[in-house]
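Engineer: After the structure tokens below, expect a handful of questions from me.
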Amino acid sequence: EHEDTSLLLPALLEGQNYGAAAADGTQCPPVAGSRKNPTKRDCLVVGVLCFGNLINFIDWFIVPGILLDIQKYFGLSDGKTGLLQTVFTLCYMLAAPIFGYLGDRYNRKIILGAGLFFWSGVTLGSSFITESHYTIFVLSRGLVGIGSASYSTIAPTIIADLFEEGRRTTVLSIFYIFIPVGSGCGYMLAAGMAKSTGDWHWAFRVTPCMGGLALLLLILLVPHRIQRKTAAHRALSISGTIQEADEKPDVHRTTKTTWCQDVGSLVKNCSFVCSSLGLTAMAFVTGALGMWMPLFLYRAQVVQGIVPPCLQESSNSLIFGGITIGTGILGIIAGAEAARRLRKRNNKADPLICATSMFVSALCLYIALMVAQTNILSTFIFIAFGELFLSVNWAVVTDILLYVVTPRRQSTAIALQILVSHLLGDAGSPYLIGLISNAIQARNIPSLQWSFWSMQYSFVICAFVGVFGGGFFLLTSFYIEEDRKEAQR
């Protein structure tokens, strides 16, 4: 049963019709209530989807929250440990475009429910894997990534269809706030369950229960069919700026291009290419931090003599989770507000904000690494500032794409940006950091000191990648005005 939806991966775009749904002009009966005056049921739907998004990112960051326990249980090197998050991200990255295609043509509620049931079931099953079956455990993380992709690509499109421009900005911002909140809760839940039960396996048995509740709420409260917006190409940025394309039928509705032509055009868009490479650097750094930072902090404390090396440590995950939640919320809000205010004075404000925040974040991260062996409190402080400035960019990067790419190519642009940023960013950075750490340890006498130094030296690459990311955003500022004008023609 077909549903008139659109391929909309990160969800800040409005309805563009592609594929079979666009060809036959099929429209679904509208949900009750006006989009200008959202009903109580609309708000309940948003609540259910936000709850699912929370569970999604809790599952994503359960492993980093108990990384030390998992590493000791399976007897893993740093390289093999980093493979866990890499496999998860790769499967997520490759599955996302497939679910976007399915969501564009088939009933989104069914896909959401199936994905939620699948990843919750796999997560529960992974809690019973023994130490002799590490390969199966890795495979289970990949399957969870596939299930998570079904939710991340489809849930935001439902929200986008329920609300008009002004409210949609607010609601989507709330939806995305649950990314850092869920990430931080993943660390805290995993560490808390491992500490309270004495067995890290229990960390994987909480979210399946939450997933069952979310599935029940999805079945009861989310309409089976939701009408797709049919207005001509229109894009709404998270900072509240509405970009409207030329709606003359002679221009956009009769001009059809192939996917290869769209990609060719995007490759020639310097602002899109440079900002995407900047986003890739951001993803690289956040992926490495998310996977390894709690373990790095533990090794720093061991070297300082704060904790014994035999401790099944969990407090760092709790603290790092709290930092992730706080800095994520503040960063997203601050970034959107800074962009809204400064772009009135400078047309290049967006890429300059991104470049500045990347440079400052890289500096803070580097300082945190250098002081980790002598002052753990200063390390936490500089890590917090580094994460805060990284979070500033998420909303602003989305804005840049929306106004430098013509609306009829925005879905393709977003899909490519997601693919590249994950493939070259957080899909490989955890594994790469682990491999470098292994190589350094292999060349030196095994010791607690070198266990710390190997991770410290490996992390330095993240600071340099952050500087390169700032450079790409700086390059974006040289082309952004010309590309913005081109996209508005």
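Cβ coordinates come from backbone N, Cα and C, glycine included.
Taken from TrEMBL, the feature transmembrane segment covers 43-63, 83-103, 110-130, 136-159, 171-190, 202-222, 277-298, 318-339, 351-371, 377-402, 414-437, 457-480. Taken from TrEMBL, the feature domain 'Major facilitator superfamily (MFS) profile' applies to 45-481.
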Engineer: In the same chain, who gets a Cβ under 8 Å from the transmembrane segment (110-130) while lying at least 6 residues past its ends?
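Structural biologist: Residues packing against the transmembrane segment (110-130) from afar: 52, 55-56, 59, 62, 99, 102-103, 136-137, 140-141, 143-144, 146-151, 154-155, 201-205, 207-208, 211-212, 214-215, 218-219, 222.
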Engineer: Might you confirm whether the transmembrane segment (83-103) is in contact with the transmembrane segment (171-190), defined here as three or more C-beta pairs under 8 A between residues 6 or more apart in sequence?
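Structural biologist: No, the transmembrane segment (171-190) does not contact the transmembrane segment (83-103).
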Engineer: Restricting to the same chain and to residues at least six past its boundaries, which positions have a Cβ under 8 Å from a Cβ of the transmembrane segment (377-402)?
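Structural biologist: Residues 10, 12-13, 173, 176, 180, 235-239, 241, 243, 271-272, 275, 278-279, 282, 285-286, 289, 293, 297, 300, 319-320, 323-324, 326-328, 330-332, 334-336, 338-339, 350-351, 353-354, 357-358, 360-362, 364-365, 367-368, 371, 410, 413-414, 417, 473, 476, 480 contact the transmembrane segment (377-402) from elsewhere in the chain.
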Engineer: Considering pairs 6 or more residues apart, do the transmembrane segment (136-159) and the transmembrane segment (43-63) have at least three CB pairs under 8 Å?
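Structural biologist: Yes; at least 3 Cβ pairs under 8 Å.
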Engineer: Does the transmembrane segment (414-437) reach the transmembrane segment (202-222) with at least 3 CB pairs under 8 A, where each pair is 6 or more residues apart?
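Structural biologist: Contact absent: fewer than 3 Cβ pairs fall under 8 Å.
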Engineer: Over the domain 'Major facilitator superfamily (MFS) profile' (45-481), what does the predicted model average in pLDDT?
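Structural biologist: Mean model confidence (pLDDT) across the domain 'Major facilitator superfamily (MFS) profile' (45-481) is 83.
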